[in-house]
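Undergrad: I am attaching a structure below and will ask some questions about it afterwards.
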Amino acid sequence: MELRLYDTLTKEKRTFVPLDANNVRMYVCGPTVYDFAHIGNARPVIVFDVLFRLLRHLYGEAHVKYVRNITDVDDKINDRAARDFPGLPLNEAIREVTEQTGKQFHADVDALGALRPSVEPRATEHIGEMREIIERLVAGGFAYVAEDHVLFSPQAMNAANSTLPRYGALSNRSLDEMVAGARVDVAPYKKGSTDFVLWKPSKPGEPSWPSPAGIAAQGRPGWHIECSAMAWKHLGEYFDIHGGGIDLVFPHHENEVAQTCCAFHRERMANYWMHNGFLQVESEKMSKSLGNFITIHELLADWPGEVLRLNMLKTHYRSPIDWTMKSLEESAKTLDDWYRVAADVDPGRPAASVVEPLLDDLNTSLAIAALHGLRNSDVSALAGSLRLLGFLSESAAQWEDRKQKASGVDAGEVERLISERTAARGRKDFKESDRIRDQLAAMGVAIKDSKEGTTWEFSR
């Protein structure tokens with residue numbers, strides 16, 4: 001069975017044919033490191049990690065290159081640095097914010113079981129590439145200088161008599177309608193309401209670099225040009241897959257396409273565009289004002305990362321996901337069972353019943369349903385399939401030990417209470433037996449009686 005992926009540009013599933021099967025290339029937009037990543041940010045991390053693993057499974061680990069960037073120059077970073085480190089020069093404060101936040105991001109995504117990308121470029125290390133693309137755009141008549149800004153003109157792109165794509169094609173928008181519907185105040189230096197910034201002057205104390213070809217003031221890049229530059233540097237002018245959250249389709253990805261295609265006279269930037277759906281919490285949009293804004297770091301204090309991973313993958317990546325406590329509890333119970341059954345088993349090849357749904361536009365929901373079927377039929381294939389999806393990163397004993405430490409429950413105390421309960425049952429003191437059972441339940445311990453004795457585990 002061949003791999004088929006839904007392409008946001010063509011609005012259909014397409015058979016995946018790599019440009020070079022020995023060098024499959026994927027770019028995914030990464031974090032802007034100004035704050036801890038929230039659970040919505042975890043979705044593209046997990047989704048495209050599964051795709052990365054699947055591509056490596058199909059083409060070989062040495063033949064897949066995955067690039068996920070880090071945006072470390074941005075207004076949000078500047079604002080956070082000034083607020084959190086008022087006693088430091090702004091550049092030093094920015095360094096503190098980006099280093100601390102970047103370190104936490106890596107700790108969080110490692111805990112989610114995500115493989116590190118092949119390359120993780122930082123925007124500030126690619127200013128030269130950004131300047132070169134901007135110079136190409138100005139020379140080609142697609143960008144212009146105004147009041148020390150350099151701006152891209154979508155109108156100039158669509159007016160070009162060439163093989164360039166139409167601005168708005170990715171997001172299925174009409175440029176004329178965008179212009180007609182513009183309701184925001186347009187900066188006076190812009191020629192058109194849809195023109196966007198490639199380069200802007202920096203305020204005193206902010207990070208700054210010499211402008212492209214000296215055509216404007218010392219300043220810094222706009223957000224969109226950063227990803228065009230990093231993708232070009234590490235994957236070339238045209239590559240296989242570009243991914244991210246659906247919120248990035250417009251304007252970010254639309255503008256990336258415009259910049260890259262106009263700079264290099266290409267019909268396409270990426271052969272396939274993939275976007276994951278939105279996430280809400282307990283049927284409500286996640287927001288700080290509603291008090292349901294949850295960071296990955298906060299969730300990891302209560303749940304193993306693999307529980308968060310499974311909870312995310314139970315829903316198809318393009319569908320909206322409702323993040324609920326009930327679903328988390330169900331995911332935890334499922335993983336407890338998988339660890340008991342398969343963690344210490346030599347993994348076999350991933351089962352076809354799991355791989356085939358993944359080949360159909362990364363249908364993790366059906367793949368997970370197939371895992372349940374393997375549990376009682378082929379534990380070796382179950383173990384191999386779980387590892388393909390990024391699960392079973394530790395032994396069953398390590399999993400239980402970590403759960404115990406997280407619970408704060410003393411295993412010796414549990415064993416003592418179970419012995420007392422066994423003695424109470426032996427003397428038919430069922431009232432005392434029930435009291436101890438309830439005490440254990442309050443500690444988060446579930447017990448199971450059998451002919452061989454009483455066993456226990458942590459419940460969720």
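Quick reminder: no glycine exception, Cβ is built from N, Cα and C everywhere.
Given the structure is predicted, the values throughout are model-derived calculations rather than measurements.
Copied straight from Swiss-Prot:
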type	residues	note
BINDING	Cys29, Cys227, His252, Glu256	Zn(2+) binding site
BINDING	Lys288	ATP binding site
MOTIF	31-41	motif ''HIGH' region'
MOTIF	285-289	motif ''KMSKS' region'
Undergrad: Near Cys29 (Zn(2+) binding site), how many other Cβ atoms are within 10 Å of its Cβ?
TA: 23
Undergrad: I'd like to know which of the binding-site residues His252, Lys288 has the most other Cβ atoms within 10 Å of its Cβ.
TA: His252
Undergrad: Compute the average pLDDT of the predicted model within the motif ''HIGH' region' (31-41).
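TA: Within the motif ''HIGH' region' (31-41), the model's average pLDDT equals 97.
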Undergrad: Which numbers of helix, strand and coil residues does DSSP report for the motif ''KMSKS' region' (285-289)?
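TA: DSSP composition of the motif ''KMSKS' region' (285-289): 0 helix, 1 strand, 4 coil.
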Undergrad: Given a separation of at least six residues and a C-beta threshold under 8 Å, show me what packs close to Glu256 (Zn(2+) binding site) in the same chain.
TA: His224, Cys227, Ser228, Ala231, His242, Met269
Undergrad: Determine which residues of the same chain, besides Cys29, Cys227, His252, Glu256, have their CB within 8 A of the center of the CB atoms at the recorded Zn(2+) site, and list them by sequence.
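TA: Near the Zn(2+) site, beyond Cys29, Cys227, His252, Glu256, sit Trp223, His224, Glu226, Ser228, His242, Gly244, Leu248, His253, Asn255.
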Undergrad: Can you tell me the CA-to-CA distance separating Cys29 (Zn(2+) binding site) and Lys288 (ATP binding site), as a whole number of Å?
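TA: Given the Cα positions, Cys29 (Zn(2+) binding site) is 23 Å from Lys288 (ATP binding site).
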Undergrad: Rounded to the nearest Å, what's the C-alpha distance separating the residue listed as 'ATP binding site' and His252 (Zn(2+) binding site)? Just drop the number here, would you?
TA: 24
Undergrad: Run through the Cβ atoms and count how many others sit within 10 Å of the one on Cys227 (Zn(2+) binding site).
TA: 30
Undergrad: Provide the three-state DSSP residue tally for the motif ''HIGH' region' (31-41): helix first, then strand, then coil.
TA: 3 helix, 2 strand, 6 coil
